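Only one structure is covered here, and it is reproduced in the block below.
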Amino acid sequence: MSDHERVLSRRSSLEIKEKEIRERGSEILREQLDATKKELKLKDKECERLSQVRIQLEEELEELTASLFEEAHKMVREANVKQAAAEKRLREAQGKIDVLQAEVTALKTLVLTSTPSTPNRQLHPQLLSPKATSHKAGRGHTRNKSASGILQPTPEKPDGPSVSGPPAAEEQREADSTLYAEFLMWKDRPSSVDRASAFISRIYREDIGPCLSFTRSQLSQSVQSAVESNSLSIEPVAMSAIPMVKATAIECGGPKKCALSGMSRLCRHRIKLGDKESYYYISPSSRARITAVCNFFTYIRYIQQGLVRHDAEQMFWEVMRLRSEMTVAKLGFYHTDQG
């Protein structure tokens, strides 16, 4: 074979191989194109699905927004109605408070202007002239029964001649110089429970301590603390509605047993100490002793707050009267209408 033939043969084989390579490349490209088309179709379907989801979410969001706005408007309307009702109740309550404050002011004026030396005749009907009280004849003696029994003045000598019996001797009094000096020192800087004061310390030692010393010593201390903090309350007990006393019968007493003395007595009142849940039934004598101490502290607080418009001597004798009430109550004396 000549050189020319060999060259031709080689060229021919190269052309055949080139043709095969082209055909193979075309086939690969077609396969890749088909795969790409399939992938694009899948992505188109996914985009369409996501678009539907987006449209659905937008619709739900619009519905939720509308619902929230409606609910918010409803809540605002209800709040406005409640606010109007609350403001109305507040105005009514404020009016009631104004009335009660006026009544309390009037009551304080009556109480604080009555002392043993100058009793208030409105608090003591027996001191009025016979003409003014003649229409009350036959009713018997009446007693001012305020809610708290504050500062009940002692009976004074009535005006006019006595109907029967010898005339009563006029009461005389003379202030103890030591007591009066201690009172004046305390009055310059009044404090209701500051035992550093000689005046208050003496009264605790001679009057308050003995008056509030009961058989149940621990409960007695609690009662004294409640009286000092002005957090003790006394209330009458409806005998037909007295609850059964169970586990705390000894501590709280009962309708027929005084919680303070432990003695069997008919208890028509009970006390509550501050925020404690327990009620303690007390006898008439125990109530009289507690009330006497409460009356003393009430008057002392009035002086401390500047509500008593009397001179020092009048205040002193009113304090002495309240001390005598504590002494009498400690000895076991009390009015039957207190029971």
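Quick reminder: no glycine exception, Cβ is built from N, Cα and C everywhere.
Over in TrEMBL, the protein carries these features:
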- 26-110: coiled coil (COILED)
- 133-144: compositional bias 'Basic residues' (COMPBIAS)
- 18-99: domain 'GDP/GTP exchange factor Sec2 N-terminal' (DOMAIN)
- 115-174: region 'Disordered' (REGION)
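Within the model, the domain 'GDP/GTP exchange factor Sec2 N-terminal' (18-99) carries an average pLDDT of 89. DSSP labels the residues of the domain 'GDP/GTP exchange factor Sec2 N-terminal' (18-99) in these numbers: 82 helix, 0 strand, 0 coil.
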